[in-house]
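Student: Just lifted these from TrEMBL, have a look:
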type: TRANSMEM; residues: 7-26; note: transmembrane segment
type: TRANSMEM; residues: 51-70; note: transmembrane segment
type: TRANSMEM; residues: 77-95; note: transmembrane segment
type: TRANSMEM; residues: 115-133; note: transmembrane segment
type: TRANSMEM; residues: 145-165; note: transmembrane segment
type: TRANSMEM; residues: 185-203; note: transmembrane segment
type: TRANSMEM; residues: 215-235; note: transmembrane segment
type: TRANSMEM; residues: 338-355; note: transmembrane segment
type: TRANSMEM; residues: 362-384; note: transmembrane segment
type: TRANSMEM; residues: 428-446; note: transmembrane segment
type: TRANSMEM; residues: 466-488; note: transmembrane segment
Amino acid sequence: MLFNSPSFIFIYLPIVLTGYFLLNAFQSVRASRAWLAACSLFFYGCWNPNYLPLILASIAVNFIIGRLLILKKQKKLLIIGIIFNLGLLGYFKYFDFLLTNINALLSTHAKLLDITLPLAISFFTFQQISYLVDCYKGKVTSYNFINYTLFITFFPHLIAGPIVHHKVMMPQFQNKQNLKINMQNIALGVMVFTIGLFKKVVLADQFSTTVSDGMNQLGTITFFDAWTVILSYSFQLYFDFSGYSDMAIGIALLFNIKLPNNFHSPFKATNFQDLVSRWHMTLTRFLYEYVYFPLNRYLTKNVFSHSLKKLSMSAKTAINLMLLFLMSGIWHGAGWNFIIWGLLLGSGIVISRWWSSLKIKLPIVIAWVLTFGYMNLTLIFFRISDLDQALLLLKAVLGLNGFILPEQLSHFLRPLSAVGMQFAVTPLMNKFHALGLIAIGFIIVLGFKNTSERMENFKPKLTHAFFIAIVLVYSILNLTKASAFLYFKF
C-alpha cells in the first residue's frame with residue numbers, strides 16, 4: 001500500500017483516523033494506541049506479510065534489552081543489542097553482496113541466497129540502536145510495550161522515515177492534548193500531504209521516463225543528453241523523497257504527531273557541506289550523534305594519540321568524515337557504487353571545509369554551480385549499481401563523448417560548428433518536454449519556499465483551502481498508476 005494510492009487515501013487512512021479518535025473519545029487511550037500500532041503493522045504487512053514476524057521479533061528483543069539496560073547499566077548487554085541489530089541488517093542487506101565478492105576474490109562458486117530485503121529494515125534498525133544507546137546512557141524512562149511498538153511502527157514514518165528519535169515521539173504519544181481532534185493540525189496536515197503528493201505524482205514521476213530512457217542508452221549518450229538525464233534524476237530523487245517525507249509529516253499531523261523535517265531546500269546551498277546537511281536531515285543527525293562523535297572519541301583515544309598523533313586536527317577530522325560518509329554509503333545499499341558514493345560525499349565535505357578555512361569567497365553563482373554540479377556527479381553512482389555503466393555516464397557528463405546539439409537548433413547555432421559543435425538527431429534532447437520539466441524543477445527548488453517554511457507561516461484561510469483543494473484533486477487525478485518511492489529499496 002502506497003501513500004500515493006487511492007486505497008490508502010480513500011480507505012485505509014480514513015478508517016485508521018476515525019478508529020483512533022473514536023477510541024480516544026471513549027477514554028480508551030491504551031486501546032487507541034494499540035489500534036494505531038495494529039494498523040501500522042497491517043500497513044507494513046501489506047507489502048510482505050512474511051516479514052511481520054521479523055519486525056515483531058526485532059521490536060520484542062530490543063524492548064527487552066532496553067528494559068534490562070534501564071534496570072542495570074551493562075556495556076556487554078548494549079553490545080549484544082547492537083550486534084543483534086547490525087547482524088539482522090547485515091544478513092538481509094549485505095550477505096549476498098559479501099558472498100559475491102568472496103566468490104570473485106577466491107574463484108569459488110558458493111550459491112547466493114537471493115535474500116529479499118525486508119522493507120524499512122535500515123530505518124527501524126537505526127531507530128532501535130539509538131534507543132538502546134540512550135537506555136545505556138540513562139536517557140530513557142521506562143515505556144510500555146505498546147508505546148514502544150507504536151514508536152517503531154507508526155506507519156507515516158515506518159517505511160522510509162523521517163528517522164525519528166524516542167525522545168521526540170514518546171512524549172507526543174503520551175500527551176493528552178494530542179488525543180483530541182485538532183482542526184489546525186488537520187488543516188496543516190492536509191496542506192503538507194498535498195504538497196508531498198504533488199511532488200511525487202505530478203513532478204517526480206514525470207522525470208522517471210527521461211531517466212529510464214537515458215539509462216538504456218549509456219553506450220551512445222553525449223554531453224547534453226547526459227546532463228539531461230542526470231539533472232532529471234536529481235529532480236526525480238529530490239521530489240520523490242522530499243515528497244514522501246512531506247506526506248509522512250502531513251499524515252502524522254492528522255494524528256497530532258509532529259515528525260521532524262527531512263529537507264530544507266538543499267539545492268539552494270552554495271557549499272557542499274551545507275547541501276548535505278539540508279538533505280535527509282534526520283539521517284545526518286543520527287549519523288553525527290551515534291556514529292561520528294563516538295567514532296571521534298574512539299579514534300582520538302586509541303589511534304590518533306598513538307600511531308597517528310602527528311596528524312593535524314583538520315586531517316583527523318577529515319578521516320572521521322570520510323569514515324562517517326563511507327558508513328552512510330554502506331547504509332544506503334550493498335554495492336560498490338554506494339561505497340564510492342559515500343566516499344564522494346565525504347570528499348566533497350572535506351574539500352568544502354578546507355575551502356572555507358581559506359576564507360576565500362567565490363561569487364555566489366559560481367559557488368552554487370560548483371556545489372550543485374558536484375552533487376549531480378555523485379548521484380551517478382547513487383543511481384547506477386553497475387560501475388562500468390556508471391563510468392559511461394560520468395564520461396558523457398564530463399564531455400568525453402563529444403558535444404552534440406539537437407538538429408532543430410542548427411538554424412540558430414550554426415556558427416558553433418566552426419568550433420567543433422555537432423548537430424544531430426539525439427535520443428533525449430529532442431524531447432523538449434524533458435528540458436521544460438528541468439526548467440520547472442529549477443524554478444520550484446530555487447524560487448519557492450520549502451515545505452517547512454510554509455508550515456511556519458501557515459494560517460488557515462478560505463483562499464488557501466481552495467488552492468490546496470485544487471492541487472489535491474489534480475494530484476489525485478494523476479494517480480493513474482501508483483509508483484513506489486525510490487527510498488523504499490533502502
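Every residue gets a Cβ built from N, Cα and C, even glycine.
No curator has checked TrEMBL annotations; they are predicted automatically.
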Student: Using a Cβ-Cβ cut-off of under 8 Å, list the residues of the same chain that are 6+ residues beyond the ends of the transmembrane segment (466-488) and lie near it.
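Tutor: That would be 2-6, 9, 119, 159-161, 190-191, 194-195, 197-198, 200-202, 205, 208, 236-237, 240-241, 243-244.
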Student: Residues of the same chain, at least six outside the transmembrane segment (338-355), with any C-beta under 8 angstroms of its C-beta?
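Tutor: Contacts with the transmembrane segment (338-355): 271-274, 276, 314, 317-318, 321-330, 332, 374-375, 377-379, 381-382, 387.
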Student: Which residues of the chain, 6 or more past the ends of the transmembrane segment (115-133), have a CB below 8 A from one of its CBs?
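Tutor: Hits for the transmembrane segment (115-133): 44, 47-48, 51, 54-55, 58-59, 62, 65-66, 69, 78, 81-82, 85-86, 88-89, 91-93, 95-96, 140, 151-153, 157-161, 163-166, 283, 286, 289-290, 331-332, 488-490.
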Student: Go through 7-26, 51-70, 145-165, 215-235 and flag the stretch with the largest number of C-beta pairs under 8 Å relative to the transmembrane segment (362-384).
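Tutor: By Cβ pairs under 8 Å, 215-235 leads among 7-26, 51-70, 145-165, 215-235.
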